[in-house]
Structures are given as structure tokens and as C-alpha cells.
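Worksheet for the structure shown next.
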Amino acid sequence: MSFIDPYQHIIVEHQYSHKFTVVVLRATKVTKGAFGDMLDTPDPYVELFISTTPDSRKRTRHFNNDINPVWNETFEFILDPNQENVLEITLMDANYVMDETLGTATFTVSSMKVGEKKEVPFIFNQVTEMVLEMSLEVCSCPDLRFSMALCDQEKTFRQQRKEHIRESMKKLLGPKNSEGLHSARDVPVVAILGSGGGFRAMVGFSGVMKALYESGILDCATYVAGLSGSTWYMSTLYSHPDFPEKGPEEINEELMKNVSHNPLLLLTPQKVKRYVESLWKKKSSGQPVTFTDIFGMLIGETLIHNRMNTTLSSLKEKVNTAQCPLPLFTCLHVKPDVSELMFADWVEFSPYEIGMAKYGTFMAPDLFGSKFFMGTVVKKYEENPLHFLMGVWGSAFSILFNRVLGVSGSQSRGSTMEEELENITTKHIVSNDSSDSDDESHEPKGTENEDAGSDYQSDNQASWIHRMIMALVSDSALFNTREGRAGKVHNFMLGLNLNTSYPLSPLSDFATQDSFDDDELDAAVADPDEFERIYEPLDVKSKKIHVVDSGLTFNLPYPLILRPQRGVDLIISFDFSARPSDSSPPFKELLLAEKWAKMNKLPFPKIDPYVFDREGLKECYVFKPKNPDMEKDCPTIIHFVLANINFRKYRAPGVPRETEEEKEIADFDIFDDPESPFSTFNFQYPNQAFKRLHDLMHFNTLNNIDVIKEAMVESIEYRRQNPSRCSVSLSNVEARRFFNKEFLSKPKA
């Protein structure tokens, strides 16, 4: 039976934009007036401006001493057809100091019909004639993908990966336990999750991945999802030129060397100057800049210093043949004045796509950060390097550089990152990058001549760099406001219609809801206001959005894996989150994930926090659906926590420690020791600290391989009993209004 993906038939409503094309053809008899022409021959150019579109201002090149210029230059504007769009045409004269306006005219775009193309003459000063060619068409192929379904590339990956996993599971589990794997359809979907926790999470996850690789578990996984510190390890691993041919063991040796150095070495004046020069280039191109950009550079220099030009898109070559699990990364979109725990949209990143499932909007990775309007790119920038994304994914730790540098807390209110930059730049900076302004919209028409400006731009840049360095090492709001710490990108959903809300689980009313009452949903895990505003939409009028570390809401990347389109059967999660002590209950983040899932009607096994009281601290806990027959879509969760229990006694599973040296190396606490090197804010790991944490999680994982294997066998059996695990019957559809009419009218087989 072929698999039908019902999600591809759900309509994600969006309105098509219009593309307005203007060709500036020519002008004749350009004049500065009788007196002006006596003094100088015009150097004409044309400015085009439409205030209702983000990339609003365009200009032609200028011709020296030419009263009959022929430009033949083409410009495109993406327009909202519901707006009153007016084209302002300005004829300019380029001068060395200040350009001069020679005349203006306007054209109402709504006077044209879609599909129409015509030449329109404009008269300036009763003498000059300028001719423009204009055309209007519908943008029927937006750059955003509007869909609730997985992208075709991920679907192809899943099919290829299932064949690989089927053989790997047979080898791992043996003939008896894998006899249910008759075809790829019987293969359960296994996901591995890593939490946040700074370098502690990164180092711990390195030990986990080594164990999963050696044991063969990694070959049975479809996804590896990370958050914050875990994404740093995933980025290091997947960007390594020798992975997956070379396993984590050798790559982890390189990692240990990289994190043994003092991070202050990365903040020498010479290196900071290089960082800021890169930021100058980015800012000058019209992109927002925050301290997260610098933080990403520092993380990149530490972990992937010899591949700083690597991009997320380039990681596709690691997964295109399905030889390793698909990596999934995450950050949050947040609102400037609302707690992340109250409101946050989860943004997912893969080598194939970046987007927000809540709105059914996705884009190719190389478009993230570009300027969009109504789903169409209006200004494309170079793809952000992987280290920039690493800074965004772990941006909560950008504040730690206050501590590293000894910067005291600034109490200045209302001082944004952009205002801070404005204070230390000159008026010649290309864009002021204010949080919600459009640079081009606010440029004065009489601007300095570009050629003249180039003569002293380098001096201004040098001054900007000098002041930026001073800001980095002084008491600065750059460090002390969310505006300064949070990443910021152009809003790729600018101008979209979000009147329709799309639940993350639009197709089913899961039976798990029956066992989860309103009192439980109202019960607070960490904060009385947690998730209070998660149903609110993104502001589609804001020109830029804040993107921050997902750990600021909860520290496990379950939202990526719980998308029903991915149909995950078994989740193996590793939680490196900080706890008050080694003996503290380890379920806070998991309980937050459970509550978030229930509020989004996503299947999740009941988490019983009292298992800690009954069984004490363990290396891992297993949570299963209470009633598998009724909860067919509910995954099983194996939850590993950061705990040093059996590792103190055994150097390998079943192999006791014998010498005093072996016992001493394993005798350490993680959270109880006030001198512990495993603090969330520690970004330097001596070799011994690295090996201790790495080997601890390597041991804990290997020590529970049988638990993982048993869960895999059960997942195979669940698949056998529920062959339509990934598909959804229309009889279970909760929100049929989302389906297109053609799909609903088809006869049911």
C-alpha cells in the first residue's frame, strides 16, 4: 500500500503579491534650469521609491555631463495589491558634496492591470522628458513554502534512511528481535535529543554520540535534534570534513584540544578588530547586527576555526545519501517585551529547510536573513555562515561575556543595540538598522555622492571599529539589554496574512488528552505564566524579528521531534540541564516539554515525577504510553539525565575499577562541587574535566544500551500492530476546514 501524506493537502492560506517591474529607459533635455546649466552640465540619475514595500528605494547609475542619458536599467518591487502603491520618480543631479533634486513625478500602480506592460513618459520642468517601461504581474511562485507537510527533500531522506535503518536494526537486534522488519514500512522512527547547557551539554553530548556510534544505535536513528550547547557539538560533528567516515572518537579528540584554551585569547584587539570589520560589512549591506553576531564568531573560532565559511546548506552532502541521521537545530522567535516562557515560536533548522511549523512557512536555508515581503524575497543576502547560527542557537550564553570580561550591569533603560551602534558610528554608515525602520525609506533624497563618500569611508570605518572595541571592553548596554544580546534577522513573514491559525497537530484529536485534565494543564511547572501566550501570532508588520536560544523557554528540543508529520516512535533524550544539586529531581525540563505538548495537542507519555521518590536517581528513565492500544501515536521516551552513579565503580559496563587512580578519576560531583568545572558559564575545559564528563556520558549511554534495544523491539511491534502509524484517517480529522476542496471531494477507497 502506498503512503499518502494528508498534510500536503492542507491549505496554508496566503495572499499572492504583485511584482511591479520598472525599466528606466532614457531621458532627454535634462536641465538644471537656465542659470544652473550655465554653471554646470547635469550628471543625471533616477531614484524610484515606493513607501509601501520593504526594499523601497532604487536608483540608477549616474552619467557625467549628459543631458540625454540612456539607462535601460530594470528594477523590481514586490507589492501588496491591497495597499495604495504609489511610485515616486525623482530626477537627480550627482554632485561631489550634495546631490540636487531636478524634478519629481508620481505614478499610481493601481492604474495598471495585471499582465499589462506599457511605456509611460514623464515631463519635468516642462522641458525634460523621461520614459519608463512598466509591467505588473502576480508573484505566483513565492520563495516561502506554505505547507504543513515535510519538504520533499526530507521525505526522500526518510525513505532512503529507512532502508539503511532496517539493515542496521537487524544487525543490532538479531534475527529473533527484528523478525517484524519485513519492509521499510515496519521500521520505527527513532530520534536522539540533546539539551542545552553550554559547554557542559556540548561535552556531554560528545560522549553520548561516541557511544551511540560505537554501539550501532546511531545507525538506527532517523533524527538527531539539538538545542543550544548540543547544537554546538552537532555543528562541530556534521561540519567536520571526515564525518561520517571518521567517527566521533577522533573528532572528539580535536574538540578537547579546542576547548582547553582560555576564551579570552579570542578577544585580543587584533581579533576583535577582525570580528568588527566583518560586522561592519554585514551592517553596511542592510542587515541587522547584534552581539549575537560576535558571540557566534567566538563560538565558531573556538569549535570550527578552520571551517568558518561553512554554511547550514553545505551539510546536505552529509545526509543526501541518508548515511547518517538528519540533524535538526532550533531557536525561538520572541517578542521584545514578553517573557520567553510566556510566548515563543519554535524555529526549526535543517540542512534542507528553515521555518516555523506553527505557521506552515518554510524557506531554503540560504534565504534565512534575507529581506522578504509577502513570501517573496525582495533583497537576498549571502547565506549566513554556520557560526552565526551557532551564536543564535546558543544566544543565552552571550551574556556570559559580561562575566568573562568583568563588565558590570548597565542600568540604562531604552538603549537598544541599534542606538548603541548609532552612538559610535558616523552619519555616513549606510543603514541605521533601527529595530523597526526601513533604512531606504528614511534616506534623504539629497545624499552625498557615492564616489565622494568612498574617499573617507575607510576612515569612518576605522573610527567605528575603534569605538566598537571600546564598547566591547567597557560598561555597555550592548551586553545588558535583550536588544543587544538577542539575535535579529529580517522578518521572513513580513506582510503575510495570519488570520488563520494552524495547530501543530491539525489532523487528530489524540486519545492522550483523555488522561490529561484541565487542572494538570493549569498546573505550573516553573512559572505561573508559562506558555500563557503561545497561541498568539507573530507580528507580520514588524520588519525584523528577535531570535534567541530555545533553552530560554525549556531546555529540550521536543517541539522539533513531536511534529506528527515526522511520526517518531522512540525518543532518546539526553538532559544536561543544571540542577540545584546532584541529588535534585531531574524532570523539570521534561515536565515543561510535556505541558507544551499537551497544550498543542501533541501525543506525549505521562511523565510521573514521583518515580524519582520511588526509584531514586538513575542514569535513565523510561516513559511509555499507559494504554498503547488507545495511544497509538504516542512515542516512548528514554530520558537520560546527568548523573554520576555507576561510573564511580565501573570503568566500562561490567568492568569494575581496580586501581586508586581509576577510582579517583571517577570520583567527582557535577552540581554539588562549588569548584566544579561543569558550570553552565564555563567555556574552558581542561583535558581532565573534558574526559571526565565525556567518559561519564559515554559510560551511562553504553550502560543502558539494553534499555534502548528493548524499546526498539517494542517500537517494531507497535509498528507491526499499527501499519498506518504515519498516516491519518480522514475520520479522525479534527479540523477538516484546513483541507482543500479537491482533496475532500475525492472518493474514499
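Cβ from N, Cα, C; glycine included.
Scan Swiss-Prot for phosphoserine across S56, S415, S435 and the hit is S435.
When S168, S239, S463, S729 are looked up in Swiss-Prot, the one carrying the note phosphoserine is S729; the rest have no such note there, which does not rule it out for them. When the residues K155, K273, K541, K632 are compared with Swiss-Prot, the one annotated as SUMO2 cross-link is K541. Between the CA atoms of D43 (Ca(2+) 1 binding site) and K606 (SUMO2 cross-link) there is a gap of 74 Å, rounded to the nearest whole number. Less than 8 angstroms from the CB of K541 (SUMO2 cross-link) sit L494, each of them six or more residues away in the same chain.
Mapped onto DSSP classes, the domain 'C2' (6-122) shows 13 helix, 54 strand, 50 coil.
Taken together, the residues of the domain 'PLA2c' (140-740) have an average pLDDT of 83. Within 10 Å of the C-beta of D40 (Ca(2+) 1 binding site) we count 12 further C-beta atoms, all protein chains included. The 10 Å shell around the Cβ of T41 (Ca(2+) 1 binding site) contains 15 further Cβ atoms across the protein chains shown.
Using the Cβ center of D40, T41, D43, N65 for Ca(2+) 1, the list of other same-chain residues with Cβ within 8 Å runs, in sequence order, P42, N64, D66, D93.
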